[in-house]
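A.B. asks: Supplied in structure tokens, the structure appears directly below.
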């Protein structure tokens, strides 16, 4: 019983904490990373990274481990649930920002979030893709 609870906490605490961090950062009114174009690039990079990482954490929790099989990756329920849940969380985050003074939810931020989700799930599978490519070079 304790092992099941410990495994559940081990798998689900990281994505839930990450959601909390994102929600907290979204509720800060004057969160600035700089000015002008560098500010814009940094913000979009943060969107890509935070949602890519969150997608990996959710996939890991749903799968119960980090390793995945290439042929099952995009066909797996875990892939689609992680993709949909993380994207819906990104949508809810953008909606949340519309209620925060000096912040606004933006469609293009949601687009960067979704790209981050896809990149995160793709990066999770890169080792398997490399192994798959080497197999066919022989």
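Here, residue 1 is simply the first one shown, and the rest follow in order.
From the backbone N, Cα and C atoms, a Cβ is placed for every residue, glycine too.
A TrEMBL annotation is a machine prediction, not a hand-curated record.
Feature list, courtesy of TrEMBL:
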DOMAIN    42-125  domain 'VanZ-like'
TRANSMEM  7-25  transmembrane segment
TRANSMEM  45-62  transmembrane segment
TRANSMEM  74-92  transmembrane segment
TRANSMEM  112-130  transmembrane segment
A.B. asks: Short question: which residues 6 or more past the ends of the transmembrane segment (45-62) have a Cβ under 8 Å from it?
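C.D. replies: Distant Cβ neighbours of the transmembrane segment (45-62) are 11-12, 14-15, 18-19, 22, 33, 68, 77-79, 81-83, 85-86, 89-90, 109, 112-121, 123-124.
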A.B. asks: Restricting attention to the domain 'VanZ-like' (42-125), give the mean pLDDT.
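C.D. replies: Per the prediction, mean pLDDT sits at 86 for the domain 'VanZ-like' (42-125).
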A.B. asks: Going by DSSP, how much of the domain 'VanZ-like' (42-125) is helix, how much is strand and how much is coil, in residues?
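C.D. replies: Counts, helix then strand then coil: 65 helix, 0 strand, 19 coil.
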